[in-house]
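*Asks:* I have a structure here, written as structure tokens, and I will follow up with some questions on it.
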Amino acid sequence: MTVRVWDIENNKQTHSFKGNEAYVFCVKFLPYHYYNHHRNIICFSSYHKTIRFWDFKESQQLNVFIEHKSTIYDIEFSPFNSGRYLCFGSYDNTIRLRDVETSEVLHAFNGEHSICCIEFSPLQGNNNKSNSIGVIGGNGYTICSGSNDYTINIWDIETTKQLIGVKYGSNELGINGGENTILSGSWDETVRLIQWTFTSYVNAVEYSPFAINNIEIGGNSNVTCSGSSDNTIRFWDIRSNKTELHILKGDNKDRGIYCLKFLHLKKKEEKNKNNSGSDYNVNLCYGT
């Protein structure tokens, strides 16, 4: 029931506060206030049907949204307009889009089952459509949601309609249709882009920053990463149905891997004059 801020280079906790009297499911730094007001604001969702905004340096709550009938699982900020628009999914089967500046609810997308996770797409196109929600500048963007009815759904921000299909790989992925792919993890014991079989629930998936030489395709292939309830992190060749490339095991006291994120941290030591390599280390952060 707490939100904590960590300095990952020094491995120290810098701030801690009790947001409310309920489980905290998702925490994000708010880009809009940082870019426009130079303030470090945290946004987090909870079991108590609220989304709260907290200035952790000033130790004060700025705002709270209360509108759902049930738990809010996931929150994301728009990749356009400096993150001004907040999208969140709930156990009440809805995905809502809200203006952080005005607190106005722009639209509610209605699903069939509870929404477990959401993600904004990279820019998919520019189709010049115009309607009431188009004023936010989200033309060409879509929202992807995963829900408890075993489906992944795509929602058009401009038309506010549900689409058919799957999307969202990076434009830099060296695969066919890279920007039109989704990587998903499921409790049916599979990771899907290409399907592999697991022996435990898959809780989290990420595209990794790595590529490998794939003999099958005669070129480079990207690598994906998954975390599961069997306490393992596994790396996969995105274009091969073969066994995993590598397995990392969590500590014995861990009870499963529930979230993953790759971090690019600047190296502390000065780069040698003869070293033409990267100035950054790639680190994998995971929660259990």
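Note that Cβ sites are derived from N, Cα and C of the backbone, with glycine treated the same way.
Just so you know, TrEMBL annotations never went through curation; they're auto-generated.
Below are the features listed in TrEMBL for this protein:
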REPEAT    65-108  repeat 'WD'
DOMAIN    67-121  domain 'Anaphase-promoting complex subunit 4-like WD40'
REPEAT    139-165  repeat 'WD'
REPEAT    212-246  repeat 'WD'
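In the displayed structure, how are the listed features positioned relative to their neighbours?
*Replies:* Each residue in the repeat 'WD' (65-108) gets a DSSP state, and the totals come to 3 helix, 24 strand, 17 coil.
Secondary structure counts, DSSP: the repeat 'WD' (139-165) has 0 helix, 13 strand, 14 coil.
Taken together, the residues in the repeat 'WD' (212-246) have a mean pLDDT of 82 on the 0 to 100 scale.
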